[in-house]
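So the structure is just underneath, and the comments pick up after that.
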Amino acid sequence: MLRGGPCGAHWRPALALALLGLATILGASPTSGQRWPVPYKRFSFRPKTDPYCQAKYTFCPTGSPIPVMKDNDVIEVLRLQAPIWEFKYGDLLGHFKLMHDAVGFRSTLTGKNYTIEWYELFQLGNCTFPHLRPDKSAPFWCNQGAACFFEGIDDKHWKENGTLSVVATISGNTFNKVAEWVKQDNETGIYYETWTVRAGPGQGAQTWFESYDCSNFVLRTYKKLAEFGTEFKKIETNYTKIFLYSGEPIYLGNETSIFGPKGNKTLALAIKKFYGPFRPYLSTKDFLMNFLKIFDTVIIHRQFYLFYNFEYWFLPMKPPFVKITYEETPLPTRHTTFTDL
């Protein structure tokens, strides 16, 4: 079990909100031939975590194996949504539409309920910003995300400040197929991505990078269910997205090409300087000073360094710079090539 100690690499939730707070206040050469949005990189296996990376809150403490359902079982699929860190702050972050998403299942044959969600192993701050360790030449990332499956649904957690609603009904056979997909998806999609990066807020604006977070997992799960023949109800489903807005991103390189022995020392210094203010703060004064540095870099000088697919990109930022949205993504349409047997 991973726990945060006084010297551990956990980040306080308030740090992760530093740039989100900026959003509430605000409301090289371009890469030629690049595919946009940049495809999320998948891996052949999930690597072991570094002991330096410590979680303040243990990941998936009540996790259990996914059971095999009887083919003739009738299972309700539930949409689960609640404010992030609701266990600590209640509905506070719900007022800013900062929501966490999950999927629930309810078996008719057994009467048992199950929850599956995808989230960070080491909390949001660690997945969004690195640590600048004196013993490492490059920024050090504690960034992994994974699926957590466990028996039971915390009705109070989801209903009190969020949503618990049935979106579809499937068979046990379909559940088993989705369970196999979840295992494969979990082993190949290993890291969390907070930001969705776009050219602008308008409809049809170019997307440069897609987020890979809890809501993305829910949407992928719904899509896979639709591929297996699931028919969803006609209800509105909204999700939180955190946007960065920039001109065409500029590819910079990976850790070796930038921070290695033959790397670009000037660029390496600029990247480390950028990430410096995002470190855990020690006092209110420290927090305010770092916030002003972030504002100066991102808003005044319009610079942002993004780490995506274990590679660094420069984002030439532009208005409105940062924005949190809570918008509808429709439930998928059933694929007619499959039947829900």
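Every residue gets a Cβ built from N, Cα and C, even glycine.
When Swiss-Prot is consulted, the disulfide partner of CYS53, picked from CYS7, CYS127, CYS142, turns out to be CYS142. Among the candidates CYS60, CYS214, the disulfide partner that Swiss-Prot records for CYS148 is CYS60. Highest Cβ count within 10 Å among the recorded positions CYS60, CYS148, CYS214: CYS214. Note: the region 'Membrane-anchoring' (287-326) comprises 14 helix, 22 strand, 4 coil (DSSP; helix = H, G, I, strand = E, B).
Comparing Cα positions, CYS142 (disulfide bond) lies closest to ASN126 out of the recorded positions HIS100, ASN113, ASN126, ASN254.
Checking each of the recorded positions ASN126, ASN161, CYS214 against HIS100 (active site, proton acceptor) by C-alpha distance, the shortest gap belongs to CYS214.
Put simply, of the recorded positions CYS53, ASN113, CYS148, ASN161, ASN254, the one whose Cα is nearest the Cα of CYS214 (active site, nucleophile) is CYS148.
In the three-state DSSP scheme, ASN264 (N-linked glycosylation site) is classed as coil.
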